[in-house]
């Protein structure tokens, strides 16, 4: 697979994420200006709860579908989808029972209110999310980048439009954001199933190479991994709510909405990367150089974007409104989450290639324990800012453990020295940006980090430039020299 082909495939996904990013510029100020930090904080808890429920009902079977997709013949893949979705559908129905029985206690605890309306929305969202997950995954595994981008754009745009529509009826209430999210998910799920209708409507009963036991054995441990990872990723919001309430959580969630700008790049890459990596490994397991080059390029891009966002944080935060100015001091350390996660997606593949899913559990447990302890120490005194620092350090640990275990099974030179050197520089910059206002030192630290990353990674970037583009650049340089 040539660099030109890879670049073309990536851009098909990146277009969608780019437009979603632009829509994020629109939706973030809309949400923060229409809703108080307290209401925005409650919606953040809704997202938190639905994520853990979704993790439980999926049972890791969506990961099994992705893992065994290329091991099955193309004609067998629709049946693989049916086998992968049966158990999660049953699990979703079973989970509904305790949610209904304990609904008054659960809703009262998390939202300080109880309503049948909210309960129905949560239950409906569980089923919709299940089908949405597999609808997106079918398109993704077929590497239909343009179609995937269409789904991303449709989801984000419809969420924005429905938020505005329902706000005119219900005013400043977090239930508006929930309605917008659920209905947008319904729409995009229908579109996704239509795009992949050949998978969903194929009733041919063939013999799979992969049996149901293999699907469960691969996916089930990953469910525990995701649950622990959920605790690791969501502990910050739980502790902020406990120590400082919904309002502080709302400000923290707004900071996440800014960080989602770099997360758009993360989503574009990981969506593109997983099927490409598995396909490449199946074709040539010994091609370590391919994975080395991708990892270094991704490290450069993510570090560069992260530095730029911190440099311009005070300007970006202006769009959120007066009640959310504190976001400027929370955001710098949250940048580490998408950076470390995205780069680790390129270094973790050894665990996935060798089907050593138990190591994901070890990593998640270690990071969750560290995250909980650091939040207990930092959040009471530093509030959301302390939680952001805890998140950053936890994700650096997450990247490190993923990489160490992966290299045991698939030794690869990822250029870790230059990455850790760049990370140290970024930590210093983020720390200063979190506690000091914009000044000369801030500018010097920002520029120094940019120069450091460019100098360390310039050769890796040049080596990955498509040959046609490289030839054009060389011609331009030759003309200038004349």
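Backbone N, Cα and C define each Cβ position, glycine as well.
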Listed range which TrEMBL flags as transmembrane segment, given the options 23-42, 363-382: 363-382
Recorded stretches the transmembrane segment (215-232) and the transmembrane segment (363-382) touching, at least 3 CB pairs under 8 Å: yes
Distal contacts, the transmembrane segment (87-112) - CB-CB under 8 A, six or more residues away: 42, 45-46, 49, 53, 56-59, 61-62, 118-119, 122-123, 126-127, 130, 174, 216
Selection from 151-170, 176-195, 326-343, 388-405, 441-465, the stretch that has most Cβ pairs under 8 A to the transmembrane segment (417-435): 441-465
Most Cβ pairs under 8 Å with the transmembrane segment (388-405), selected from 45-66, 151-170, 176-195, 252-276, 326-343: 326-343
